[in-house]
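Noted in Swiss-Prot for the protein shown:
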BINDING   47-50, Lys106, 236-238, 302-309, 373-376  ATP binding site
REGION    135-289  region 'Nucleotide-binding (NBD)'
REGION    409-509  region 'Substrate-binding (SBD)'
MOTIF     658-661  motif 'Prevents secretion from ER'
SIGNAL    1-32  signal peptide
Amino acid sequence: MEHRTRSWALGLSILGFFALLFSAGFVQQAHANDTEAMGTVIGIDLGTTYSCVGVMQKGKVEILVNDQGNRITPSYVAFTDEERLVGDAAKNQAAANPHRTIFDIKRLIGRKFSDKDVQNDIKHFPYKVVSKDDKPVVKVEVKGEEKTFTPEEISAMILGKMKETAEGYLGKKVTHAVVTVPAYFNDNQRQATKDAGMIAGLNVLRIVNEPTAAAIAYGLDKTGEERQIIVYDLGGGTFDVSLLSIEQGVFEVLSTAGDTHLGGEDFDQRIINHFAKLFNKKHGVDVTKDAKAMGKLKREAEKAKRTLSSQMSTRIEIEAFYDGKDFSETLTRAKFEELNNDLFKKTLKPVEQVLKDAKVSKSEIDDIVLVGGSTRIPKVQALIEEFFNGKKASKGINPDEAVAFGAAVQAGVLSGEEGTEDIVLMDVNPLTLGIETTGGVMTKLIPRNTPIPTRKSQIFSTAADNQPVVLIQVYEGERSMTKDNNLLGKFELTGIPPAPRGVPQIEVSFELDANGILKVSAHDKGTGKAESITITNDKGRLTQEEIDRMVAEAEKYAEEDKATRERIEARNGLENYAFSLKNQVNDEDGLGGKIDEEDKETILDAVKEAQDWLEENAATASAEDFDEQKEKLSNVAYPITSKLYSQGGAGDDEPAGHDEL
């Protein structure tokens, strides 16, 4: 009776339940359907602090080297007066250009501006983050005008860099990828990551949990008996622990836990805070207000942390750190451990959680896999080994590359690469999915840690007599009441014929695909009427129109980058040529001693003219202008220098014959 006072739309009650869980074979089938003509599929670890790209060819995974010769690329984007920089080049100039250098964008993607984590983060960012419809956007000055970029656009620039690295290695265009995300990313964050891929010109075939990818990398050479594995992934910005079972090439994630807000950067921050406090006390200043000085300290703190993984102490020296004062301090490994002791210990909580969730004891763990650069810290290794009663952690995989390695294997499976036929991957959903029933109760349809893809159905009914409509409200979260969980989406099923409460049979089905994207449908068994929704958190997502605009802008930036690069190369070409000519003409033992004074003067006049032109026009000239000036200079110099060779003036002691170049 009391239920009638509630809105009809909220009334759903449980009648019965059945569920269908697809087996690993279904996953293989899903993979087989995807192996169309998509070219080489790449695997990308889109990290908070660093990103990495791999590719599988002929059964072998290759982690690719970027244009700086590095296997990992900083997840940094910067804007200077002349150009846009991505990766190493962006990070290297961060201290000198803090307000226009964007990093840690993964902390903002798919989140709301009002989210308390976002609010905490933006306090630490030297760049400006503002709200646009409660979505965080980065505000930065580009070529003299204020521009805003969504987290998807910035992430797309990083993904674009990884795509470029892969294309450079493969010598052909790349259009498809597998991208990894932390296990704790919700649907909105996963969708936003896929959108970023689209903006970068990549069709993201799969979003894979990072620990799962690391397990694939680790599990490739494992066969035979079932093994239980803890994957402890402590990266730059996120922390994930997963418990996996691996048996004869089949991976199953039994449970996952973690902290989306714990990693190497937090350890860096402790060093930064410690030394800033020390410096302020010594000099009676507040260095934290100077973004440039803090940028320098950030760079040195990260360096010191890395050094302390192999040495007992290190010295941090920064010339003209603040207000003309130098910075010089020593950091010992013991002090570093003391500064971060509570954070290191905090990493053990999720380890306890995954064991509890999967009902597995410490002694049943066969392997501990360490992933992420922060697992190089000796204290972190010692703590985890101590937790597992002295069991040694596996260190066979480069912790920075394991996730990209696994993503590349999964990419190989999807593109049908040889050597991947026997690999089956079962992933899990990170949070419980359900709907609201009478009284605001969270009724669970897919519990957290269910292997995906999966489909589950349940029969519900009306909560009031003659109720013509039901409202299906879909939530994710672990709390028993929906008000404490996250609303993903809602829709109405209308036109239910008049009937006493509890009589209509409404089947609600949840279908979760391999990327963790959810489709919910409701079907009135009496009338055959059905409605459905694909949960994509539209409120937080980009519209197709926005994505198209961003794709066009990304292409425009790529063209601008190319034009800038060509301009710089052409300018360097002219500068180097003029400089080299001047040096040669002034070298009495070389060219200068072999040409007469008049020719020498002709060349030097032409060089001066080119250098004067450079001084006046370098800032605005195009690549063609520089090439034209170089040709003009060459037209003066070439007839004079070629005269030498025709006269045999290149030197009497040269051998008569040469190999052709």
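Cβ coordinates come from backbone N, Cα and C, glycine included.
If you average pLDDT over the region 'Nucleotide-binding (NBD)' (135-289) in this model, you get 89. For Lys303 (ATP binding site), applying a Cβ distance below 8 Å and a minimum sequence separation of six or more within one chain yields Ile316. For the binding-site residues Ser309, Thr375, counting C-beta atoms within 10 A of each C-beta gives the highest total at Thr375. Taking Cβ-Cβ distances under 8 Å and a sequence gap of 6 or more within the same chain, the neighbours of Arg306 (ATP binding site) are Arg376. The Cβ of Gly47 (ATP binding site) lies under 8 Å from the Cβ of Ser75, Lys106, Gly235, Gly236, Gly237, Val403, each on the same chain and at least six residues away in sequence.
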